[in-house]
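*Asks:* Below is the structure I would like to discuss, written out as structure tokens.
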Amino acid sequence: MSLKPDIIHLLARARADLAMGLPVALSGAEGAALVAAAETIEAPRLASLRALANETGGALSLAVTARRAETLKARAYDNDLARLVLPKDADLKWIRATASPEDDLVQPMKGPFRSLRGGDVRLHRLALSLVKAARLLPAMLVLDWPGAPAAAREAGLTILPAEAAEAAMRLASPPHGVVSARVPIVASQAGRVHVFRPEDGSEEHYAIEIGAPPRDKPVLARLHSACFTGDVLGSLKCDCGPQLNAALMQMGAAGAAVLLYLNQEGRGIGLANKMRAYSLQDQGFDTVEANHRLGFEDDERDFRIGAGILRKMGFGAVRLMTNNPAKIEMMRRCGVEVTERVPLMVGETAQNRAYLATKARKSGHML
Ligand SMILES: Nc1nc2c(ncn2[C@@H]2O[C@H](COP(=O)(O)OP(=O)(O)OP(=O)(O)O)[C@@H](O)[C@H]2O)c(=O)[nH]1
Ligand SMILES: [Zn+2]
């Protein structure tokens, strides 16, 4: 048995490194690259990347998603992404402003941007999936350079074999149950909290089991995505807090049910990015437009996690409490039968009315 980290461990290291501002090397069959997150890289390492680019003739670009490129009015020749050429005098300020929409409106004349065209973009695509998984802004500095793995080894940086990383990111290994204990709650004396831990070092998720639902019948279930602002603070901008409470109360009344509390804050973009989206919403963009301007899709959640936890708990069929048709579709695709949709209507406020209307109009939510 080897003590060496496998690809899952290396991916977790890569996410942590990117979050701390460290570059990571991607080593592919067709090429290699040093990549660093636009949000976290600091000036000395940016200077080193630039020096390496000058010395070696490697192309240094800023990879952004096609969503962000659209806001920047940059050409996305690579379908889902664009490789922006770094101007000679581009400093950290330029990089951060290109990555982040915070000052898009105060400084609307960003650019013009020049995008690279042709060549292999697989490493750029992998870099963007990695930075999204690290819950950072989806923008990555990429130095295309065959010598990247050797330089990374020398510097003690994480080296990711690209093809293995792509394959591992496509696979979702379901989190495993770590512990469970009785927790009586307002909604039910017979509450039990289970903690699930993914093997890939990412966030833990929780299941709240009410009573003892039989495993051979469809269980009343809700997949709730974490919303710190709504669940904990009682934010009026969304309906998450009231939905959580109403679901638990309904479950308590039914006597047997399961609620998954999935730590996929902000529909999978993380709290920092959700707060960036909220700033954009204060500038007049709706919830979907805000995600796009940041460079994300409307919904970045991985629903395989919820389905995996349900199956691990022994549930193969659910009566799903949701207004989101995508959740029903995803459950079915992940092999969990949805025998019924149980509507969940609560929590409309003056402040979240527009948010709920946008979800109905753009994301197909049933009102
Ligand atoms: N990115 C982003 N996320 C938001 C915003 N408002 C709420 N959220 C997140 O949206 C998620 C809400 O998820 P759910 O409660 O599962 O809601 P849903 O997908 O609309 O589906 P149902 O409630 O089941 O009908 C939580 O993770 C919130 O943090 C927003 O304006 N932007
Ligand atoms: Zn919310």
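A Cβ is built for glycine as well, from the same backbone N, Cα and C atoms used for every other residue.
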*Asks:* Which single residue out of Thr287, Thr339 does TrEMBL record at the GTP site shared with Arg222, Leu223, His224, Ser225, Ala226, Gln243, Glu265, Gly266, Arg267, Thr322, Lys327?
*Replies:* Thr287
*Asks:* Is it possible to get the count of other C-beta atoms within 10 angstroms of the C-beta of Thr322 (GTP binding site)?
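*Replies:* Looking across every protein chain shown, the total is 23.
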*Asks:* From the recorded positions Cys227, Cys240, Asp299, Arg301, pick the residue whose C-alpha lies nearest to the C-alpha of Glu265 (GTP binding site).
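*Replies:* Spatially nearest to Glu265 (GTP binding site) by Cα position is Cys227.
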*Asks:* List the recorded positions among Cys227, Cys238, Cys240, Asp299, Arg301 whose C-alpha is within 10 Å of the C-alpha of Arg267 (GTP binding site), in sequence order, or say none.
*Replies:* Cys227, Asp299, Arg301
*Asks:* Ligand 2: which of the recorded positions Arg222, His224, Arg301 have a Cβ closer than 6 angstroms to it?
*Replies:* none
*Asks:* Please list the recorded positions from Arg267, Asp299, Arg301 whose Cβ falls under 6 Å of any atom in ligand 1.
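*Replies:* Arg267, by Cβ distance under 6 Å.
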*Asks:* Check the domain 'GTP cyclohydrolase II' (180-343) for me and report the mean pLDDT.
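*Replies:* Result for the domain 'GTP cyclohydrolase II' (180-343): average pLDDT 96.
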